[in-house]
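Feature annotations, courtesy of TrEMBL:
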- ARG34, ASP91, GLU92, SER93, LYS133, GLY150, ASP151, HIS228, SER229: substrate binding site (BINDING)
- HIS104, HIS129, ASP130, HIS202, HIS228, ASP261: Fe cation binding site (BINDING)
Amino acid sequence: VEAGVNKLDNADNELVLDGGFLVPQTNSFGHTFRDYHVESERQQGVENFYRTNHINQTYDFVKRMRTDYGKLNKMEMGIWECCELLNDVIDESDPDLDEPQIEHLLQTAEAIRKDYPNEDWMHLTGLIHDLGKVLLHPGFGELPQWAVVGDTFPVGCAFDKSIVHHKYFEENPDYHNSDYNTKYGVYSEGCGLNNVMMSWGHDDYMYLVAKGNNTTLPPAALFIIRYHSFYALHKSGAYRHLMNEEDTENLKWLQIFNKYDLYSKSKVRIDVEKVKPYYLSLIEKVGITILPGEVKMVNPGFSPSRQFNASASGFS
C-alpha cells in the first residue's frame, strides 16, 4: 500500500516518508480502520463513550484538569513499570483493538523501529506516547475513560464537524456559548497550537509530564505525544488556521508516526521479553524516571537524524 509514494532520495540522507511497513486492509475485527458506524461488538460501546466525552469536555473542565495535573504530584515509578501498569487497560474508545495497551505501545514502537532503525527517538516516542493512560489507574486519580482516551480536539472554539460523533457536542454547554462556538473562539489566526487548549486526556498529560521536566526528546516528539489523537487535524486538515510555522514542520513527523500508531494494531503479539532489553537501553540512555507524575530525562542525545525536503515529500 502506498508503495513508492512520497519517498525521498536516500542518497541525500533525507527521511523516507513511507517505509516498508504495509498498511493492512482491515483491523483485528475484520473491518476498515476507524469505522465508527459499522455494526460490531464494540461499536455501541465506542459511541456511548464519545457521547459522554463530547458532553463533558468543556473549556472550564480542561482548565481545571490542566491546573490540577500540571502539579505533577502523583505516583513515582519507572517507565517500563509504567508500561506494565497498562497491562490491564482496554481503551473503550478504540474500534480497532481490544488488546491490553502495552501491546499497542510495543506494536507501534517495533513497527517504527523496523522502518526507521536510526531514528531511536521515534522508537522511544512510540513506546511512551500512550503512557498518559495511567490516569485510569487509582494512583493517578482513576479518571473515567472519557477524560483519558479517545480523539482529542480544541476547546474554546467551534467543534469541527470532522470530529467523530460530532452530533453529541450539541449537548456540550460550550456549543451554545458565543465565546466558544466561533471559528477562532478565544484564539487568533496562527496563534500556534501550543497556545490552544486541547480536550483533556492522556496526550496532554504526558506532554505536561515531559515538558515540565525539561525532556531532551526533540520538539517533534513532544508534538507527537501531545497531538497523536488529534485526528481532526492530521487526518482531516481541520484547525490549520490556528497553526504556526513550527506546527507545520512538526505535523510532518506526526503524519509519519500516525501510520504506525494506527495501522500496527493487530492480534499479533509482540515477544515482550525479546524486545525489552532494547527499550530498557533507550530508557537508560536518557535516564527516564516517572517521579510524582514526572518524566525526568537527564542525558541529551535524541534528535531527528535526517531532515525533510518539503517539496519532494509531497507535503503542502
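Cβ atoms here come from the backbone N, Cα and C positions, even for glycine.
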Could you name the residues, excluding HIS104, HIS129, ASP130, HIS202, HIS228, ASP261, of the same chain that surround the Fe cation site, i.e. Cβ within 8 Å of the Cβ centre of those residues, in sequence order?
LEU105, THR108, LYS133, ASP203, SER229
Residue pair HIS228 (Fe cation binding site), ASP151 (substrate binding site) - Cα distance, angstrom, rounded:
9
Looking only at ASP130, ASP151, the binding-site residues on record, which one has the least crowded Cβ, with the fewest other Cβ atoms within 10 Å?
ASP151
Nearest to HIS202 (Fe cation binding site) in three-dimensional space, by Cα, is which of the binding-site residues LYS133, ASP151, SER229?
LYS133
